[in-house]
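Below: the structure, in structure tokens.
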Amino acid sequence: MCLMNNMASQFTRDGLWYRALPYDPHGPRAHVQYIDYGTRESVHLSQMYPLEQRFCALPQQAVCCALAGIQPMSGDWPEDAAIAFRDELLVAGSVATICAYRKVQRVLEVELCRGLTPGGATINKVLLSRGFAIASTPGVAAVNGGSEKSPVRKKVAENVAGGLEKSGDAMKMSPPVRQEKKTTDRQLKSLKPGPKPASGNSPKPVSTVSPKSVPSPVKRRPVPTVAVLERLDPPMDCDQLMVTTSSGPDDITVQFVEPNLIARVQSLTKALAKMHATYSGTYTPVTGELICAKFSEDNAWYRAEVIEVKGRNDGARVRFVDYGNVEDVNVASMSALPDALLSYPAMGVKCRLSGVGKLAPGCQWDENQLKPFELWRVKIVGNERDLCSVELFDKDTGASLNALLATSASFVPLDPKKAVMNLRNVKIPDRDRIRIQVTDAVDADHVNVQILEDDYILDLARLTEELSRIEPADQGVARQPGDIVCAKYSLDDKWYRAVVLDLTDMGVKVRFIDYGNMETLPSGRIAPVTDSLMKFPIMVVSCSLSGVSGIVTRDGWTNSLKLFEPMSMTVTGRGDGGRVNIELFDDASGPSLNKKLIASGVCTAAGITAPSDIAASSDVTAPKMTVKGLKRIELTIGQTSPVQVTSAPDPDSFTLQLLDNENLPMLAKLTTELLDYTDQSESFTPCIGELMCARFSLDKNWYRAEVTGKVAGKYTVRFVDFGNEDTVTQSDIGAMTPSLMQYPVMGVCCGLADVAGVASGQTWDPEMLRPFQGLLMSVVGHKSGVPLVRLSDPKTQLDVNADLIKRGVLSPMSTPMNEPDPAAVVTPQVTIDTMARIKLPSAEKMLVQLTDTSRPGHVTVQLLVKDYLTDLANLTQVLIDTYSDYKDSYVPHVGEIVCAKFSGDWSRADVLALCPGGAAASVHFFDFGNVEEIQCADIAKITDDAILRFPVLGVSCRLGEAGAKWKPDSLPLFEAVLMTVIDPDSEAAPLVELFNAQTGSSLTEALAKSGALQCAAQTVAMSTKDDLEKAGLPRDVGQVKVRVTDAYSPSSITVQVLQGDSLAGLTALGDALNDSFCDYSSSYVPQKGELVCAKFSQDNCWYRAEVLAVTADRNIRVKFIDYGNSDEVTPGSVAKITPALCVYPVFGITCHLADVGGMASGRVWDPTLVHPFEMLSLTVESSATDGYAVKLYNDTDCLNVSLVNSGMLVGQAKGSPPKAKPKEPVQNGTSVAPLVCEQVSMPLKSSPVSCAVKTAPVVQPPSYMKCLPMQDLARDHPLVMPCYLEGPDEFYVQSLDRDCVERFTELTQALTECYGSVEAPAYEPKQKELVAAYCVADNAWYRAVVTEFYGDTHYKVVFVDYGNADLVAVNGVQQLEPRFAKLPRQAVRVSLFGMNSTDVRWSGRSISIFSEEILNKACTMSVVRKDGDVFIIADIAVDGKSVIDKMVTDGYIELSDKIANGHVTSPKSVTATADHKVNVVEAVVKISEIRVQQLVDSEEVTVLLAHMVSPSDFSVHLTENKASVEMHVKLNEYCTGTMGAYTQFVRDEVVCALYDNVWYRSVVVETPSSGGLAKLYFFDFGNTERISAENIRRMPRDFATVPQQGIPCCLGGVASAGQWSNKAVDWFSTLLNKCFKAKPLGHKDGRHQIDLRHDDQTRRSVSEEMISLQLATSIVSPGSRPTLVQRSKLSPATRKEVSPPSVTKAYQLSDLP
């Protein structure tokens, strides 16, 4: 599109078309100026069309003007002057007097008189007198503040002033020079640079209402309401607000503190004050009117909405719309609101505190908690239909107000894990057309859609499958508004995720978050949401139709916007409330649905009020609709389906409805649409046979009906979807709508098979066919076109037909009908071609396993990625559950999908051919790739649709042309290898290359060298930045015209040359990029270092970029080589670079400021100081390998000198040598780049700080690494930051020593850079090994020690630099490189002296307050001494104030009598001196510190039965455990020599207890009352006893290292009928203290379920003995279910001898030792 062509443009606010001049194109959008109004905005290219000649006759109506005789004080006009000028215009209007005409600029110089009468004071003089302007120098033009720096703006001014004459040569420059306003005190500005910045930072026009002319202040609407005000969309980048009024946590009115909004509030306040400066009238409004009202507390005027009118002269109750408070005002304090003030939006935004529940009963809301009219820091959590969810933080301390209130007893607590804010929104694909379906459409501003792309459909299917497992709660679920729950929808009785909106007398009001609709349900239909359901994103996208406003006809809206039908949409921008503005398309070509809705009169265009009444044309007669126009459901012989009988007047002719997966959703949608049906016809008179809607007399609901007769003004109708008849009146009928005609007749007329009729003497009762009960139907034939069916009850297996014949109600047919021949019945089948396939990403190394290599040159692989491994495991489980007891035989059809058993395992297969005789079939196991001949006895028909929902998990790939030496065993089966897709669209199978997962060598090349492949796939060579020519700066030519595109720091600045060949090349490159990728709709995952084309997220334009990293969530971090800034984009925004784009040099030139030594102390670098994207001049002072040393000039000033003089930078003396670079360390003879990353305090918003760390080849560390040494602290009063807290006796701090902080920052950045860029093969660590672990919470990698193994899915790790523990998936642990093991661990354990539970009483609230006081704050500690690795401290202080003193004073800590009486030294009185000895009481041992010993799955061990309660509750000991024996010997020696009882024990403390004259470890379950016995649990054996205090001793911590010896177990394979009988318990007790062989089968109720066998030659099973003695019943043991690894090994592959992979033993430990 050429610039400056005359166009017709559609204004976004009202959807109407106006004449406009475009300028500044950026990708698919451009800025336009409406020449008849002067308004500017950015529009999509689809909103512009060439202007026809007939619309050019009228001259332009808007004239460019400037105030005569004045100019700004200096530079551009300040923001204050613009606000004052606007206030003057809005208050009184004006009359212009033309003073002069600037011919060159084509601008009228005018004087504007205040008011509508000439001769008064002029606005020119007002601005001059108020100091906003000075008198202009004669002959000096003052357009745009006296400067004309922008050639684009100048060109626009020339064309606007010149009318609609065709402009000359279009000026074309990409990207354009951007004009930046100077920062003022009143308006803060954030620069957002990018490869091609948007021009949205130019000053906004005065008129922002619409392109129409500004309304006169004299003319106003009769009764304006609050609905005409624009709703203020909360600025997502705003971080401050102030609360103006509140009545509860869910009813808060706020004003966002953002420079532009502040200016608008001030402008509105000034305008109101000026209008009412001399006002002395009275005004009587009407309810709902928007008026001006005087607030009683400050006597100032504000806009207000009338809530209630009390009387003509009694005043009214109003709500101030910009603040939210309510007040009663009298008639003298009200006035009519001028139209000029309607252009301001409602500045008060309704909000709720996210995560805070309702007020507890008996509690009152305190408005002062929110500190009205004080600043809060804010985080916008969500924007839910006119209610914004926010979290408020104290601006000084950063403490969360939401967290404080949520934990307060005044509010009902919410489950923090089940809040909407913890759900992520689904990402919208970055494409022009996106396939979607509309799920809910209230109006044009509230349309909810679901995306129908491959990944989204798969996520929705998995979510639906997870929801199908939800079980209803026994007694309902108590929830609060804002909670996420599972709710059962009333129309289909299925579970969906929902958010609780309100608790009413009618039930729980919820909104289904994945669909958008709302419903009120009884509490019994609410169930708790599971953690697995919280992992899915919100599947629905909240949208609004672009350019569409009010709905004229509700029926037309419902008929036009068809729900749950495939459509497509285009994103046009963002609307109010965070909604996405979209255009909908219901077909591939033609106008959008938005335009169709407006053209058909269903909706109005934005900005136009919908008419209140649309009269139907009297001369148009709608065609009559009959039942013949509806489709019919056809039943085929052999078809089976769940049904319900709706009408049964006769056994030979009754009506039923099909409730299968195909028809039930249609029935539900039809029912929903009929519930919303309203008759729009004024007088509807149907004819006999006409189809209409009728209201059923029993439930008063609408249904589709056919008119069968008319008697005495009433109509006889038959409800076509149910079969019954009724008589209705004229008021109970309505016209049929086209949308209701799309559904078929849901009622199918049938007859009972094998029945001749009603038996003689019997009477037929319709209830005999059980109306509206779930039955199963089987079609066996037809009679006179009516299907004959057999009905059965699926619950009782009762044959309804046979039962009625047996009871004598019906007489049987003389010859019963035969079952249909399966070969003659044709039923629809699912084939391999209709199943979902896995799409492989190109050019990305992924971990796979080979499952079949029988086809020469081809392999079948399974992706070893989490999602697909989960699918494989779930599919395996479904197959085992369905076919484990299958004993039938099935003869399949060719092409049918069946389940077949191979090598003992069931798998899905495609039938290729039937063998002669029909006893076997040749099948293809498509999830594994092999083809086998299977007997029909091992083939089963698929009866569960869940089996077919999984995609084809085996992917067939091509390695190349097979050679003569190709062998199926040339490649390893069922072993992990790496694979890269070379060509995803190659012939019938993707072309791939395989690599060894351990060495990285190419397996494909090895096959080619051995002759197994003639032509192997080769990896496509990728382009890199080094392949391009580098543009340079000319020297010795004086000043060069440049612009700064990125300013990371004074030593790293990127510039572009804007003259000569460089400017032409930059422009040509921009055109070539956008021409090449304007219709790009694919995706690409590149490699690190590759040169690609990437779409910048801020302007959606394409640029050349270098790949910095590929993140764990498959996003790509890139650096735009021609501009210098970075961005993180999705694979859909990355494309392979074409050779034509590689001919251009790199236009981004790296420089640093000459004669500058660095940042001054205490100053922060501001990138705007070097005027990004403005035309500057540059001189080259010197050049080196690391860039040019340059000086930048703005007009005549040198920016280098200005920055030094301002104190921002430190000057460097001329001639001083540059700082020497440190030598690079050498590791094993290889140079390694130092891990240094420059700190930037204020990076550009569009240029996130990146630190690319170059690493040397990885040196393999030893397989077992010892834990790191701990970071030491200063011994006096170290400055630290607490980072994790267990309690006052155990928390962790990090040193704030400058060197430690810098080194740790470098380490953290380098870890994420190293491990977060690629997906490496899984690593199996050893226990206590130091590794790199992935933290899901912040998407970063940290150093950690592996402490426990949780099966084969998770490890428990402790992050050594923070102290906290977490569960990490197996793919989230990697081997730590040696360079990361040099820095000591940063988490230092600290314990408060004397703060044990016996001396200081710490409550849960006390610990919470202590955590809030110190966590993540700079603190000083008073160190007493160091005990091993633990620092014992006397006190900890924040800002020099003791935290302990504060907590004691505030009553959060209660000191015991020992401290109060001086028997124990108070922690605050202890000093850390060398001669002061402190008797520190050792902390008690808690049961959580004792490790729980576990059995390894499927590994047989010898055990001793140590204690039993029943066969379902007993404990065993491992027989080979020397540590246990030694521990018990030493424990008894210690306790025997210890005098005195221990009485200060607490619950959950581990103590020593004397039982049967032997000392054992035990845990306190219940402390004794005065003089009573303590209840102890001997966890090494499993029994619980009552022990007196004199037989209890305190246990030293040394005995806590030995894990719990009693392993809780239950007997597998058996069960009791209720409770175990005394006989069974007595028999089982005879096994005590005997040895057995135990093999774990699984877990049940926290116990090991084991197979127990006698340790002798017989190896008799204890379970089988109990069954044979009739002491127990048999159950299926879970041990028969193979694990995922076993499933892969036993898959139906041709290679039968497969060695099992090595599996690390899994240990489950309760907590850290």
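Any Cβ shown, glycine's included, is placed from N, Cα and C.
Automatic prediction, not curation, is the source of TrEMBL annotations.
Note on the domain 'Tudor' (1-58): mean pLDDT across this stretch is 78. As annotated by TrEMBL, domain 'Tudor' applies to 1-58 (among others).
For 162-221 (among others), the entry in TrEMBL reads region 'Disordered'.
The feature compositional bias 'Basic and acidic residues' is assigned by TrEMBL to 178-188.
The compositional bias 'Low complexity' feature in TrEMBL is assigned to 202-217.
The domain 'Tudor' annotation in TrEMBL covers 284-344 (among others).
Feature annotation from TrEMBL assigns domain 'Tudor' to 478-536 (among others).
The domain 'Tudor' annotation in TrEMBL covers 685-743 (among others).
The domain 'Tudor' (1085-1144): residue composition by secondary structure is 7 helix, 27 strand, 26 coil, according to DSSP. Taken from TrEMBL, the feature domain 'Tudor' covers 1085-1144 (among others).
Summarising the annotation, TrEMBL assigns domain 'Tudor' to 1324-1383 (among others).
The domain 'Tudor' annotation in TrEMBL covers 1528-1602 (among others).
What TrEMBL records for 1680-1713 (among others) is region 'Disordered'.
Proximity of the domain 'Tudor' (1085-1144) to the domain 'Tudor' (1-58) is established through 3 or more Cβ-Cβ distances under 8 Å for residue pairs spaced 6 or more apart. Here the domain 'Tudor' (1528-1602) has, by DSSP, the following mix of helix, strand and coil residues: 16 helix, 29 strand, 30 coil.
Taking DSSP states H, G and I as helix and E and B as strand, the domain 'Tudor' (478-536) has 6 helix, 29 strand, 24 coil. Sorting the domain 'Tudor' (1-58) by DSSP state (H, G, I as helix; E, B as strand; all else coil) yields 7 helix, 28 strand, 23 coil. Residue counts for the domain 'Tudor' (1324-1383) under DSSP, helix first, then strand, then coil, are 7 helix, 31 strand, 22 coil.
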